[in-house]
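Structure, as structure tokens:
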């Protein structure tokens, strides 16, 4: 039996993780969850799974859930804030922490979980983007597995199993291309949030949907792959694959390419991470190769989708630059969703902040938190938010 904590249990990944646990009750037990403020969803989770601990970040949501548990004589202990997230990430009885919260908020609980010897099922890209070197070194120090939950890194992880790192030539990360695949800059001038949120293949949260539309999501995955698999940026390629059947590939020095293929369904990488190193029977629709008419691959347009280009630049620069990129992107996406900036301004703001805030500093926890705060305060004043 594996005991599980889910950070971000009410979001897209968290909800699908609950689906996996629901199907595998004999092997997986939900011990603790966190959420921001979706108290109605949290109450439903408490009713069904009866976790020992629940954390809410927002004060009003915390009070509502706490009152519900008291009134209904439910034993779930309700905690709040970052202190609560760290507490449930370091519980002695927990084996695996699923980090599916969005943004920098996942960084400190993930590091604390690693220091407590927990395996990490990682869906929070920002943790590795801003502090990848620190996270990976901590994982090695504490003999902890970092198990990627997203489809691309989960695919690469599987393609690398049983092979030697020195035999790898290139990692090939696939991208669906998002809702604006094939568009040029001039065609994206009047894009509204409702257009950018319509992903052709995946049902995701609002922030990651916008990142997919700008290809920033793929840029974050490139940086993540660099740290997860120890491969130079020159050897991490992005290809646009609109069918989303090939989830990523590894090219070896002898010319062989190993690809992981599956029906696009996030439950598969989640299930693989939670059951690692074993594979379990899945309810995911199997691939029918007779129905797959074609698989196509295209070169990404980095001029139109500037955030992808900037992610490569930030990764190669290293230090705190990925943290600057990430902080600026989180704010820029929020500004776009609120109608305060245009779609193409997202890339412009990333470029502006990278130029303004770069310092030759090691990516320590203190440094990345500090520079992230600087970027957010600057953009907050600029746009009065």
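Using the three backbone atoms N, Cα and C, a Cβ is placed for every residue, glycine included.
These figures come from a predicted structure and were not determined experimentally.
The record from Swiss-Prot ties 10, 11, 12, 13, 124, 126, 205 to NADPH, and of the options 37, 47, 169, 237 it ties 37 to that site too. Site annotation (Swiss-Prot): 1-deoxy-D-xylulose 5-phosphate is bound by 125, 151, 152, 176, 212, 217, 218, 221, and the candidate from 195, 199 recorded at this site is 199. Sequence-distant neighbours of residue 126 (NADPH binding site): residues of the same chain at least 6 apart with a C-beta under 8 Å from its C-beta are 102, 103, 104, 106, 107, 220, 326, 330. Checking each of the binding-site residues (10, 150, 205) against residue 221 (1-deoxy-D-xylulose 5-phosphate binding site), the C-alpha distance stays within 10 Å for 150.
Among the residues the record lists as binding 1-deoxy-D-xylulose 5-phosphate, namely 125, 151, 152, 176, 199, 212, 217, 218, 221, the two farthest apart have Cα atoms separated by 19 Å. Of the candidate binding-site residues, 125, 150, 152, 199, 217, the one lying closest to residue 12 (NADPH binding site) when CA atoms are compared is 150. DSSP classifies residue 13 (NADPH binding site) as helix under the three-state reduction. The CA atom of residue 150 (Mn(2+) binding site) is located 9 Å away from the CA atom of residue 125 (1-deoxy-D-xylulose 5-phosphate binding site).
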